[in-house]
Amino acid sequence: MMEKNVESSHAGSDKTKSSPQENRKQIMCYSKNVETSSDSSMAGSDKAKSTALLDRANEFVAKLPSDDPNFVKLMLPSQVSGGFWLQWPKDFCQKHMPKKDEYIVLLDENEKEYDIKYLAQKSGLSGGWRGFSIKHQLSKGDVLIFQLVDSNKFKFKVHIFKAKGGSRKLERDNGLLNSEGKVASEIAKDVKETESFNILWNGEVIDSEISEHVRSQYYQLCCSQKSGLHDGLVKCIDKKLAAGIISETVKIADAIRAAEITTTSCNDVQRWDQTLKGFEGMGMNVAFLRAAIKNILDSIQRKQQEKIKRKTNERAQAEKEMRNLETQLANVKKKIRVLDDEINNVLRAQNEKHEHSFKEAASAPS
């Protein structure tokens, strides 16, 4: 595969750094692979530029700190347009990358950070890479060096060697662009600017499929994540489905913002999460919304546990009061029985006295 042929991995302290002569020999090998690849669209001048860029890149790598793992990547059309899928060297990923899906950080030459979704099983970048590529106007033939500068946070410094002047064409063909040619992530978070903001899908503006409220709210969500949330969506879906996913995502985001712990149903929140989970499986960048939902669910569950504990204590207190009342009632009943016995004894004594008096009167001589 061409992609495999044109990537060079340097494991930092794991390997001895190659000499400039060895690097040059390696570059020549890459150049030959590019020429014999299936990419017949690459002209002779482009191949020469790629060779020169790879030469410069490897010379640059030789000057990097020896304990910083790194690798060189020649950009292919599929990595900087269309699908925007960037696979990394598997041997590098096995040594230095997390074993599960996780967000990593790409640091550009202006020290600006970009959160990118790394897919462990596929050893590549997904959500966020498209925004990074568009932001830096990457194109076919560009050479990138990924230098791991913080292994704890998986932070990479990205050094870019341009094959030619950047173009805004990719921004027009894909993702989020306003009428003034600004990528959404570059626009200040001002709702007023949404008037000139368009949502594109497969090169077509789909604003007509989306309400004004949804478009405005979606703009804010994209700005918060510094990229279009639909960047990673599978390309086979039509514009109506894409618009529906965007609209439902905004609806759920609105519901999350309006959620109150005391009144929001746990079942409703779980349904939101299931919906977003399905969107995420299709490539939608909604991990931050699912994280917010998890916080809501945790808060609801904490509140429920607190309420259960409080009600349990109240019930225990009520049971204690009931036992006290039952004891008091038993004592009252006992006292009533004693009083009844005393009354009966007095009545019995009176009856006996009256009966004796009656007998004496009856037996007296007339």
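Cβ atoms here come from the backbone N, Cα and C positions, even for glycine.
Sequence annotations record features per position, and here TrEMBL assigns compositional bias 'Basic and acidic residues' to 1-25. Here TrEMBL flags 1-47 as region 'Disordered'. If you look up TrEMBL, you'll see 33-43 marked as compositional bias 'Polar residues'. Residues or ranges marked as domain 'TF-B3' by TrEMBL: 71-164. What TrEMBL records for 286-349 is coiled coil.
Averaged across the coiled coil (286-349), pLDDT in this predicted model comes to 90. Secondary structure counts, DSSP: the domain 'TF-B3' (71-164) has 18 helix, 36 strand, 40 coil.
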